[in-house]
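Annotation source TrEMBL lists domain 'Malic enzyme N-terminal' at 104-285. The feature active site, proton donor is assigned by TrEMBL to 127. According to TrEMBL, the feature (S)-malate binding site maps to 180, 454, 498. According to TrEMBL, the active site, proton acceptor annotation covers 198. Taken from TrEMBL, the feature divalent metal cation binding site covers 270, 271, 294. Annotation comment: TrEMBL describes 295-567 as domain 'Malic enzyme NAD-binding'.
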């Protein structure tokens, strides 16, 4: 009997189901516990258990709600319909974002119900591009904390701070230091909007329970003068800590996380500046379960689009030549994963497969030859990364320095390299000019153009521009959403190479299998699983990503593929391995439907 009860309470998603939410069936009643049984006014103020007007007559009697609510009883579906009508009345996306965040703070299940059922409409609101503006104005719209803020003031006491968070069974942490928020730069403590948004998507798209998610902002100061002079700025008003002080603080944080939550806690680094992102990932990937979405997640989702696009472009991945505008963490991360995939498929050493991939530094290439000469002996030279620059390159760029004469602008690089695929990770808008796209179209029957920088204003070109300048022949994908565009009687649906396709399912696969380390082969498995979800019907519309409406199903397949690879590599600890990993993933996913209370 005891073992049977133990089996019934087997945790879903890798941690103990403290509240019995997931081991009970939907028609069984659960107890709305906080520290004590929540009831009356407190129950209505508890976002996890509040159902608003959906409390039944019996529940209103049992939990002392009589008189605290109007007499009408509403279904969750009717509440959803009403709220969607209300949100659609807002013209300004930021107002919609604020409305959604307010809903999350008062009724958690209804928030996720809206997001899951209306994902294509609400994803651009709770995440990119609207979340970028929300971060810029986070100090103004801040009302109550949604995660942990760990500043230099807490140095030496980070473990103590982690223990202040009320939930103890945490599975996923998303952490940022706010230095490189999307394409918007240093937003300091106001970068909290990114971890909050990412974890909302971990739940809505990937099925991780909200109570198992913890957003964290590491506040080491900001170099943003506007924020330092803003009386309403919510973070430390001091210059950023750097060097050993910074890395010691981050080491204390990583050690405290592992001590408090154990070996299987997933820590996702988000929007760290290049110089820290690579260092942190390299340092902790062998000792912690860590994942950098900007480097690894972006790479995986772009690789999935490339694999899927082969149906439209023809040939194998090894037959194509790739040119990047942008050689930061996203660009080099994507490039490395492409090289690994080609190496896996062809058995050619990765050092050789890298030679199919070329990178152009992004920040100053457009300033021309004069800049190139002035900076020739510095680490800030821009243009095609070639072997002649190797001595002055940052370490993460050196593998991409190939034999070639110097080229100091993108158009000349396109003409010299003759790529079949052009990928933008520059963070600079409108850098894929008409001349660049026309050159790509001149050399390729179907050029693949991926303008990946976020938010929309920073995209290297728009879908309309790519289709128009290529005379409708381009296969196009972007980081932020663009509307469909009709050219010469054909409707083209641009793909969105959004990390949301990958990181929720990828993280959920790690959690549900109890994986203790991330391996590059898991990223390749995730890419191939996503590409496999693109159907002939999608290809007919020029799509290289499946529609977001199917994201929960997509995430289940990605999670299953990642978990399968983890078991194969011997780093999964949840044993025995489930026979059907897709079904197991679907069964573990959080569902936001209201529960009945005793």
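Positions of Cβ are set from backbone N, Cα and C atoms, glycine also.
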Spatial neighbours of residue 271 (divalent metal cation binding site), counting only the recorded positions 127, 180, 198, 454, 498 and Cα distances within 10 Å: 180
Shell of the divalent metal cation site beyond 270, 271, 294, same chain only (C-beta within 8 angstroms of their C-beta centre): 176, 180, 181, 194, 269, 272, 277, 292, 293
Of the recorded positions listed as 180, 198, 294, 454, the one whose CA lies nearest the CA of residue 127 (active site, proton donor): 198
Cβ neighbour count (within 10 Å, all chains shown) around residue 454 ((S)-malate binding site): 24
Proximal but sequence-remote residues of the same chain as residue 180 ((S)-malate binding site) (Cβ under 8 Å, at least 6 apart): 186, 271, 272, 273, 274, 277, 294
Neighbours of residue 198 (active site, proton acceptor) among the binding-site residues 270, 454, 498 (Cα to Cα, within 10 Å): 270
PLDDT averaged over every residue in the domain 'Malic enzyme N-terminal' (104-285): 94
Spatial separation of residue 270 (divalent metal cation binding site) from residue 454 ((S)-malate binding site) - C-alpha basis, Å: 14
